[in-house]
Amino acid sequence: MQGFSYENHSSVSEFILLGFSSNFQLNIILFNVFFFLYLSTLVGNGLIVTLIHLDSRLHTPMYFFLSVLSMLDMSYVTTTVPQMLVHLLCQKKTISYSGCVAQMYIFLVLGITEGWLFSVMAYDRYVAICHPLRYKVIMRPWLCGAMVVFCGLWGVSCSLIYTVFTMRLPYCGPNEINHFFCEVPAVLKLACADTSLNDRIDFILGFILLLVPLSFILASYVCIFATILRIRSAQGRLKAFSTCASHITVVTMFCGPAMFMYMNPGANASPERDKKLALFYNVISAFLNPIIYSLRNKDVKRAFLKVTGWGGATE
């Protein structure tokens, strides 16, 4: 069967990314919006990484994972947004075949790593709230580092499967991708072969990479909420819950749209809907993450005041 051959039958040397609109005036507006979101994402996440590095009181497992999340978010948006900004202003909206493969792979590596990192962050909150006296013993630096490496290895290996099974198919034209970057579901629609195997692989990998970590997160929070409800003080319950609220919000924003995108059969996919979903878990969530974590976090605010000198002599 032609679609299952590893031989390169592709006659397409480049792809055209259609983006959002062919209307130049609308593209100018979109450029300004996305340029603001991109710069804000870099500044916000970069500030969090800097504050965690400079303030010794933030040298804890929770903030270590938060700094890794911020670095992933900065890399994640940089994989797609700069090219999207260029295409919004230029007539030529092409990307080479190899560039498309590289963008797809890097995007998947960062996204899958981030998805598993959320489950690690949930485990950290579980240990902190359910086993506070053993927290420092359990969450040792080497274990935190090992868990981040584990997340990264999952990202590297599973992304390779996604990319290989997508780009091994023949692409013989047309070469117009109805998306703003090379994402697997959008690229698969151009394949000159049966993609039913890819749909099954996408569903299986989506189950492993989204539902499994979500199950870990759910299990952690069931235990966390059970512990919180046993706290007698209302103020104590509120404080314990507030440490988890930011994480729950971020996980919902990232995993919900991603699950809908990658576990939905290709035949049912709508290009316009897929672009909106991708914007949400690629651009919007990365933009909102530093806002969500910093607005509700007194430690981050205190570190900011200390580093800038605006906090005076206040500790």
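Using the three backbone atoms N, Cα and C, a Cβ is placed for every residue, glycine included.
Features reported for this protein in TrEMBL:
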TRANSMEM  28-51  transmembrane segment
DOMAIN    44-293  domain 'G-protein coupled receptors family 1 profile'
TRANSMEM  63-85  transmembrane segment
TRANSMEM  105-123  transmembrane segment
TRANSMEM  143-165  transmembrane segment
TRANSMEM  203-228  transmembrane segment
TRANSMEM  240-263  transmembrane segment
TRANSMEM  278-295  transmembrane segment
Contact yes or no, the transmembrane segment (240-263) and the transmembrane segment (105-123), 3+ Cβ pairs under 8 Å, gap 6+: yes
Per Cβ pairs under 8 Å, the stretch of 28-51, 105-123, 143-165, 203-228, 278-295 packing most closely against the transmembrane segment (63-85): 28-51
In contact by Cβ distance (the transmembrane segment (203-228), the transmembrane segment (28-51); 3 or more pairs under 8 Å): no
Predicted model, mean pLDDT over the domain 'G-protein coupled receptors family 1 profile' (44-293): 87
